[in-house]
Each structure stands twice: as C-alpha cells, then as structure tokens.
Ligand code: G16
C-alpha cells in the first residue's frame, strides 16, 4: 500500500503553514493558538504514522498549552504505552511542522515512512482530546483532517485533562491482556481511582481545590460522583472554564508556585486552617499550601510543592516496602529546580537522580528503579512501579499480617497512581492517602524539612536560543563567560545557588536562585537577572 499523496497535498492546502518555525520541545509544541492549524494537521499525520509503526496500537494527541496563558495552545503526543512520545520521534514532529510547502510535507512523510520502516497497510487509530481554550475547536478540526488524510480511525475523547488522555491510550492498548490498565473510558478512569482511594483511607476534613479555571474543574466535579463527599469532601474553586481570559490567570499551580502566594482573592474564600491545592490548566500538575499564623501576612503562606510531595511519597512508600518484606529499590528523581534542602533530605533516605527539566526526562530516569518517585518542584510528577515490582508484590508469600497488609496497600497505590504521566487528580488522592493513613496535618508534612528561600524569575531576551546548557541544565555553556559570572555572584551568599536555562514552553529564559538568608535572596536573583540581560544583549549583537 502506498501513501495517498494527493489526499495529503489537497488537505494540507487548507492549513497553510505560517511564516515562522516550530519546535517539538519540553512538552510538545507550544505557541500562540492562532498559529497552530498547520501544526495540528501535520502532527496528526505523525500520530497516525506512529500508530501504524506500533502495528495499529492506539496513539494519542492532546490539544493544550497547559500552564501557559489562554491565547497559547499546543500539542502533546502520547505513545502506545500511555507515556510521552519517544524522544527519537520528536525530530520527526519538528521537521514535519516546518516543511515549507505541501510538496515538502509529502516528502517528509515519505522520509519518516522509510526511516522508521513503516508498513502502510497497518491500521492507524488515534484518540485525541482537548482542554478549555477558545482555539481548541479549530485546532481539533485541523487535527481531524490530518488523520483523515492518512485514513486513520479517529476517536474523539472530548474535553479531558491531559493525564486522562494518557490513561485512555494505555487502557485501549492493554484491554483484554494481563496488563489491562482499566476500562478505556472517562468513567473507567474515575472508577479505578475512586475504588483504590476507598481501599486506602479513613475520612478527613475538606480540601480546597483551585482548578485554574481549566479542564481540571469538570474532571474534579465528575470525580466527586465516584468518591462520596463523606470520604473526600472538596471545595471546588476557580471553575470558570468559559470566562474569556480566566484560564491560569491569577490562579493555578504555576501562579501559586512562582508567586509563592494564594491565588488572587482566595483569602476571602477560605478559612485560616484550610487545606488547599492548585491544579494547572490541563491538570497534570498540583501544588498544596496552607496558612500559618496571621492569614493577612504574606509570610503566613506555606507552599508544599513537588519536592515536598516527593519526600512524602518516598518516605511512606519506603516504609511500606520495609514492612512488606519485599526486596524493592525505591528511588527518586528531581531537576535542578529542586530546593537544596529537599535534595539533602532525600539523599539521606533514597537514591536521587537529577535530570534536565521536562517530565519526559524524569519519567525515563524513574523507570530505572523498582519504584521511582519523581516530581518537578512545580508539582508535575508521579510514582512508577516497574512490572517486576508489581509481580513481586503479587507473588510474595503470606508472612506476618503487617507484611501482607503493606503489600495490599502498595498494590492499591499502583491502581491509585496514574503511571502514564503526572496527574493532578491522582496525585491529590495520593497525598490525601499518605496524610490520612499516617495521621499527619499539612503543618506536620511541611515540617519534614525547611526550604531554602528561593526565587524563580522569567527574563525576556531577544533570542533565548543563544542560551545553551549542560550537566542536567545546571550550567550554561553559552553565552560564553556567563556561567563563571553566575557562579561568582552565587558564591557571595551563604548557601547561594543559581542556574539559568532557556524555557522549552515559553519565549523566555528562566533564572532560579536560592540562598540561606531570605533578606539576601532578592539581591542574588536580581543580580543574576541583570547578568543574563547584559549577556543576552551582547550575544544578540555579536
Ligand atoms: C511542561 C513540562 C514540564 C516543565 C514545564 C516548564 O509543563 O511538561 O516538565 O517543567 O513545562 O518547562 P519550561 O521551564 O521548559 O518552560 P506543562 O505543565 O506546561 O506541560
């Protein structure tokens, strides 16, 4: 069977490529939604080819720009195991998105077919979903045209969170096998998690959830139908999914993490002792927080971010493994953004790996452990149980009653946790389980270790591609000389550490700084920012 090149060319003519370039970066393609029709059309072709390559297994495409502002949009591709697209295929996405003409596009498609030895007679099935952004309907139409051009079977899963789409892909592909992941429906997703949650916990006080005015809002409202309010009472806030401009604006996990404060206006909607958390726009990240002392003081805000989630989960899972009398290695994965205190805390307990930013890197590193706990400081992450560890837990002999109970809890955790990708809903339930089973409050969890004061700044530069990094993004190799200046500046502060990296999802360079004394942090961060601005100007002029 050969490619229907005429169908591809004719359909492609309806989605002309704007005069600009695209990159499949940290989390897929991401830019202004109005520029993405051609990219959606073309990445749908790649998703169909990937499905053919995988002998007809279902692949996925999510239309979202996650934590970015509402006018942005993007695409995240999902592999047959429900995980992020294999990095070896990212270059195909970038190439196809940048093909200058319809004919060049056909050439790229033919090239991918040849390079990946794709049998075109295989069927292709692609499931796709989208978030609440106003540009989604048009982008979904372009995506569908791309699937039609390859004759792929289309499964429109509708309005979903990103992790729900990842779940669906794995569930479709494992249906009827020994590895069946769950019913391949949205209801199946809620039922699986709710069942595991009920197995694991006693009741507790309400949790206030900021849904970032995004797709997590309807998902959480649906989840409530599966978990009785008596066992998990929620107060669901920031649910305005059809209010223009509301998405991620003054709320959401990214806002809370970067401003280290409550979502705008939340102080009047919560109590001094409220337990709170925030999702991001596509509900694949979560951070928790509470108020300590006078709620009117900014200093009363206490953040429990991805690092604290790692510590909580790694500690409890390590304890369970010990009690369960099974030989399993628990490890953790972080990025350079991990607070220095969290890394020190974890290193005394479990092996710690550091990878570049991007959950795709952390996910793969976590697979090298029997049980890998990974979270970026921004709250994006999950826990992976290797197939061998699940088999060990299932096959272990009877032993002491506590050992059997711990094994049962670990197995229920494998059902509760979305193992395809970080998932705000599933991570929220995981944290609830650990706190309730161990009888801890947010304040007790918070006291695990004290974060070093830290700041994250966005710096707008003429050309972020002039910034290149090495050593898991902890050091710059370009612009020349800047790294030495950063190190020299950081060394002036007790416990000072700073790094600079180009963002893979926004047009900016990010500056991270931490040091022991809160009153010195502002100077450290601002001085590094100034060094970056000066170096960027000089590099752009060179
Ligand atoms: C995406 C990635 C995350 C990454 C974040 C920020 O998150 O999936 O792994 O931490 O972007 O990346 P950068 O600093 O390169 O812009 P999301 O939630 O936006 O998909």
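Just so it is clear, glycine is given a Cβ too, placed from its N, Cα and C backbone atoms.
A TrEMBL annotation is a machine prediction, not a hand-curated record.
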According to TrEMBL, 280, 282, 284 bind Mg(2+); identify which of 66, 87, 498 is listed for that same site. 66
Listed recorded positions 66, 376, 502, 504, 510, filtered to Cα within 10 Å of residue 284 (Mg(2+) binding site): 66
So which other residues, same chain and not among 66, 280, 282, 284, have a Cβ within 8 Å of the centroid of the Cβ atoms at the Mg(2+) site? 64, 67, 131, 161, 162, 214, 279, 281, 283, 285, 380, 424
Distance check, please: Cα of residue 378 (substrate binding site) against Cα of residue 66 (active site, phosphoserine intermediate), rounded to an integer number of angstrom. 13
Using a 6 Å cut-off on Cβ distance, which of the binding-site residues 376, 502, 504 come close to any atom of ligand 1? 376, 504
In Å, rounded, how far does the Cα of residue 376 (substrate binding site) sit from the Cα of residue 280 (Mg(2+) binding site)? 14
Out of 66, 378, the listed recorded positions, fewest other Cβ atoms within 10 Å surround the Cβ of 378
Within 10 Å, the Cβ with the most other Cβ atoms among the binding-site residues 502, 504 is that of 502
If you measure from the Cα of residue 504 (substrate binding site), which of the recorded positions 66, 280, 282 is the nearest? 66
